[in-house]
């Protein structure tokens with residue numbers, strides 16, 4: 001494990017030169033050591049803490065004191081908040097429960113939270129599942145990852161497990177490290193050998209623990225075992241160093257060519273030697289640093305040929321292109337819905353499983369997606385940044401504002417595919433579609449029509465005459481709550497539905513829609529008998545009674561029947577009778593009574 005923070009012996013000339021240049025940025029050797037220590041100390045102290053053994057101390061009090069010290073050095077409560085410390089603990093456990101073949105790959109990305117681990121795994125699974133040619137920058141990484149999952153021997157059969165390879169590497173590492181130090185001293189002098197020794201000494205908080213840690217961090221957790229020098233050192237092999245097949249110092253993967261060795265060392269989890277000058281974040285690969293720096297520079301070199309949108313990374317561009325190709329390779333087994341990204345499918349499947357990972361700290365309500373929690377929190381903060389320019393009403397979500405604006409414009413973007421009926425709100429469309437999608441198993445005993453359960457209850461009020469919704473001002477009652485709401489606007493004077501063309505306002509949305517057809521000239525309701533067209537469905541129904549002879553309105557006094565319940569407008573009466581004022585007044589009074597009830601009022 002010393003190779004984790006030491007300068008590796010098999011680095012090529014360019015890599016060693018890069019480290020030298022990096023070292024010159026610091027004024028003293030102590031500054032350089034401090035920089036290296038800060039980069040790796042948190043992970044080192046975590047491993048010291050987890051693998052600390054009781055046998056290393058003289059008694060329980062010293063053991064407890066040492067554990068507290070190591071935990072303090074790892075979690076750093078003086079600089080981290082409680083939430084950050086909890087996230088570190090969750091992240092550690094998450095990495096621990098991952099399959100061993102995935103741990104090395106995830107740790108190479110150096111995630112700082114559990115969410116970053118999820119993103120790395122989802123991206124990896126998606127890229128490995130994608131058919132065709134992969135991104136060239138990651139091809140070597142994918143091949144290396146597959147090699148780590150199922151390493152093959154000479155005969156093409158699976159070789160020893162990864163854990164066995166690690167154990168073998170542990171026994172071979174002292175000899176190999178000694179030979180690497182000799183090569184390094186020959187090529188570059190003793191400067192880097194001394195630097196490596198200084199860094200190693202600086203990272204030793206307690207004598208025996210460091211030695212134990214360098215021998216094997218992963219195996220020393222089994223407390224009580226003793227590791228004597230003669231037990232961990234093998235006899236030198238008869239073959240020369242040139243005859244040995246090179247292996248990775250981190251996970252023991254065999255490498256056939258020197259070029260593969262160099263590429264693998266760049267991929268394998270190790271030191272983050274590439275640091276960002278702007279924010280100080282470090283990376284293990286230069287390509288990752290280059291892509292990260294575009295956040296500060298604003299550079300977006302990868303441009304979509306279809307829409308011209310630009311991106312910082314090639315992988316993000318590839319994901320974006322799925323929008324144009326329409327490819328949706330990830331399909332839900334429950335409902336058959338397809339998605340362009342695996343992460344989107346994963347989120348969708350929570351609707352079926354009922355998983356809700358995101359909880360509100362204020363009320364405890366849970367959500368399956370982070371966006372849902374984000375919008376919900378605004379209920380508690382009373383944050384309503386989206387304001388309607390027509391009525392100044394504010395909303396917490398832009399989508400709700402867009403739907404609300406349909407009240408003023410009369411727009412109904414949500415249309416039913418079955419019957420063509422349109423709605424302002426998507427929720428109204430969903431409720432309406434239950435009529436088509438749900439089985440109509442509830443039949444009215446009066447007329448034989450079938451409804452859903454809620455629809456039948458509302459329909460039966462027509463036969464029973466029940467009107468549960470009553471106006472508190474005039475005591476008029478209605479079958480539906482929506483009818484009461486529209487009626488109450490007569491008393492309040494509210495006219496929320498305004499015409500954009502002439503400014504005229506209405507109490508009902510349906511009246512506004514019909515009025516707007518005056519400006520557009522639209523007459524969508526056509527009579528099949530004579531071809532006459534009308535702006536509203538009510539006008540068509542009244543007209544069709546001419547052909548059918550239907551007269552549903554009957555006078556209670558004499559029994560005379562009428563086709564419509566029309567009231568003559570006040571303006572029309574006064575204009576027609578301006579020469580005879582008394583007659584106009586009489587007609588005006590009679591107009592207050594429906595046509596089918598005024599036929600017998602001879603006293604007027």
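In case you wondered, yes, glycine gets a Cβ from its N, Cα and C as well.
Fair warning: this is a prediction, and the values are worked out from it, not measured in the lab.
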Per Swiss-Prot, the range holding zinc finger, considering 248-270, 386-408: 386-408
Residue distribution over DSSP helix, strand and coil in the zinc finger (525-547): 11 helix, 4 strand, 8 coil
Cβ contacts under 8 Å made by the zinc finger (525-547) with residues that lie 6+ beyond its boundaries: 514, 517-518, 563-564
Residue numbers, six or more beyond the limits of the zinc finger (497-519), whose CB comes under 8 Å of its CB atoms: 390, 407-410, 424, 486, 489-490, 535-536
Residue distribution over DSSP helix, strand and coil in the zinc finger (497-519): 11 helix, 4 strand, 8 coil
Beyond the flanks of the zinc finger (386-408) by at least 6 residues, Cβ under 8 Å: 375, 378-379, 424-426, 496-498, 509
